[in-house]
């Protein structure tokens with residue numbers, strides 16, 4: 001760790017403390033120190049293998065993992081540094097983002113996700129806090145792959161409850177078949193939040209989270225979601241709710257935006273649109289794409 005000089009603590013994430021630091025060449029970076037439970041026997045070798053794979057991810061919309069440093073009791077991930085995240089931006093923008101900004105951010109989120117999904121890596125814990133933004137308006141996804149390496153704890157490093165607001169209904173009901181669709185659900189929730197300025201499903205417990213989802217999307221049935229009855233937490237006596245119209249939920253979205261969000265926020269994961277398909281959606285046809293969007297990875 002002598003190569004890095006800690007400048008300040010910048011956050012406490014799901015897995016540990018994050019510091020702003022400087023390396024010997026004067027470059028600013030972010031150090032994410034992964035805490036290992038005291039009773040654990042050091043860092044699992046599987047985690048180190050998983051994390052090492054993430055160093056191979058190179059994409060303009062993925063936060064670059066520059067280095068991995070591990071000692072017996074601590075794993076430090078060295079990332080490129082970005083000074084803003086989507087949560088801070090949304091907190092500062094009353095009433096949601098400008099439509100063109102929301103569209104640009106959504107496109108970039110989907111590009112990053114599509115790239116990771118192509119590499120068979122899921123995020124599983126997407127939320128505005130781990131979508132980082134630089135001053136040029138480039139958005140990058142942070143913490144990809146960490147859920148598989150370390151499992152998402154119920155409580156974070158600081159003992160805060162890890163948010164359920166962006167978690168898919170299939171996961172909330174105990175599905176262990178994680179697929180790319182879990183990330184698409186999270187993106188749909190973030191899309192609505194960028195437009196409305198407030199979280200779409202701000203639940204306080206798993207039950208409350210499901211109730212909020214069903215109040216908007218309607219209570220699932222075997223007809224609308226055939227596999228729902230096989231989920232561990234499925235309850236045939238869930239309160240019955242009618243599906244609401246998307247135009248009343250996201251009134252500022254145009255017709256193509258409503259079509260896209262409705263394809264993302266499908267209760268049945270099999271019916272959710274893929275990131276690759278979403279990138280081709282009509283909603284983006286008028287998006288001004290900077291050259292790096294068109295050239296792909298650089």
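For all residues, glycine too, the Cβ spot is worked out from N, Cα and C.
The shown structure was predicted, so the numbers you read here are calculated from the model rather than taken from an experiment.
Swiss-Prot has this to say about the protein:
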type     : residues                               : note
ACT_SITE : 125                                    : active site, proton acceptor
BINDING  : 10, 11, 12, 13, 14, 15, 16, 17, 18, 32 : ATP binding site
DOMAIN   : 4-284                                  : domain 'Protein kinase'
MOD_RES  : 14                                     : phosphothreonine
MOD_RES  : 15                                     : phosphotyrosine
MOD_RES  : 158                                    : phosphothreonine
For this session: Taking only the Cα atoms, work out how far residue 12 (ATP binding site) lies from residue 125 (active site, proton acceptor), in Å, as a whole number.
Result: 15
Exercise. If you measure every Cα to Cα distance among 10, 11, 12, 13, 14, 15, 16, 17, 18, 32, the residues said to bind ATP, what is the biggest one in Å?
Worked result: 14
